[in-house]
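Okay, so here's the structure we're looking at.
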Amino acid sequence: MTTMLNKSLPFTTEGTNFSSVNGSLNGTLPVSSCPSVSLSDYQSELIPAIYSIIFILGFIGNSVVVAVLCLQMGCKTVASTYILNLAISDLLFLTSLPLWAVYYAFGYNWIFGAVMCKICGSLLCINLYASIFFITCMSVDRYLAIVYPFRSQRRRSLCQAQSVTFLVWTLACLSTLPTMCFRNTYNIPELGVMACVMDFPNPRESWFVAMALMKNILGFLVPFTVIASCYIGIGKHLLGATGLDKNTPNRDRALRMVVAVMLAFFFCWCPFHIITFLDVLTRLNLIQSCEVKAMIDTAVPFTLCIAFANSTINPFLYCFVGINFREQFRRLSERRLPHSFSKRGSTSTRLSSFSRKLSDVKEGTKRP
């Protein structure tokens, strides 16, 4: 039992993965005849360290994005509305990451209570859905702006974007309801830990498979089908465009940024979804290879690290790809720095004046 616990990770497709422990928690073992693969000590130390780095960089970066959009640029465009909400989604998830790092470092002993177990698992799930939904919205917006620039002006209004944003958050929250309902703490007395797991009702294995496939389909395949269709349409349009339709630098910069964000999400989350799907196949006994099962148990922690890193990458993409964002960030910094320098300047002026007076006094005392 200890070996099975050590080789699992605090997250699966539902937010925590006791993929091997689920045998005792959920009454099933996917490939029961396979030998256990223990988690090495360096992983239990390395993964919390990676989570900590992701939290620090991601929290700072996304906070800067929110500050620039709210204080300097303002959400005056459809794209900025979606980017702001994408950053907020990442920030919500990142606030839970230190707790998961502690959970992993403590050997899957959840010390924060059942309520926080539900909240942290739900934040991860909301981020998974909201991120890809907002990236899909950004891709559709670019498609309409480039392929149908005049006909789509009414559909691409700020009011419409705010309505779409509300629908995205609603859909993401509804998709997270099973996680909110079934996530709970589970005491394992023989190991002396309180695990934070998905405690599905019977038939538990069917619930697990359904939830995993929902994340694969709704959280990855369907959105990327829409995204791919948008960029195929954009590519065809640009190949046939002539004259003014081709020479639009601002449009091209916006397109590059959306493509960069989309590719970052794909490469970060695709390994996780592949491993999740393979895990489903092993649970359905469609794959009975012990080598595949061992590969899944070994790969899950690292695919999650890559997936979580996506919350850190996005702000840097805005900075390096979005020229307008860099300019607005510079202006915001200049607005804040002069105020700080003015305070320092007045202080240094008073100090220098005091120093001159003190020098005069000293010189006066030395004179006969």
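From the backbone N, Cα and C atoms, a Cβ is placed for every residue, glycine too.
Caution: TrEMBL annotation is automatic and unverified by curators.
TrEMBL lists 343-356 with the feature compositional bias 'Polar residues'.
Residues annotated as compositional bias 'Basic and acidic residues' in TrEMBL: 357-368.
Averaged over the domain 'G-protein coupled receptors family 1 profile' (61-318), the predicted model reaches a pLDDT of 87. Here TrEMBL flags 61-318 as domain 'G-protein coupled receptors family 1 profile'.
Residues or ranges marked as region 'Disordered' in TrEMBL: 340-368.
Taken from TrEMBL, the feature transmembrane segment applies to 49-71 (among others). Long-range neighbours of the transmembrane segment (49-71) within the same chain, counting only residues 6 or more positions beyond its ends whose Cβ lies under 8 Å from a Cβ of the stretch, are 80, 83-84, 87-88, 90-91, 94-95, 97-98, 100-101, 104, 305, 308-309, 311-312, 314-316, 318, 325, 328-329, 332.
The list of residues near the transmembrane segment (83-104) in space but at least 6 beyond its ends in sequence, with Cβ under 8 angstroms from a Cβ of it, reads 9-11, 44, 47-48, 51-52, 54-55, 58-59, 62-63, 65-66, 69-70, 75, 110-112, 116, 119-120, 123-124, 126-127, 130-131, 134-135, 138, 165, 168-169, 172, 196, 261, 308, 310-311, 314-315, 318. As annotated by TrEMBL, transmembrane segment applies to 83-104 (among others).
Residues annotated as transmembrane segment in TrEMBL: 110-137 (among others).
Within its own chain, the transmembrane segment (158-177) is flanked in space by residues 75-78, 81-82, 85, 89, 122, 125-126, 129-130, 133-134, 137, 141, 214, 218-219, which lie at least six positions past its ends and keep a Cβ under 8 Å from the stretch. TrEMBL lists 158-177 (among others) with the feature transmembrane segment.
According to TrEMBL, the transmembrane segment annotation covers 207-234 (among others).
What TrEMBL lists as transmembrane segment is 255-278 (among others).
What TrEMBL lists as transmembrane segment is 298-325 (among others).
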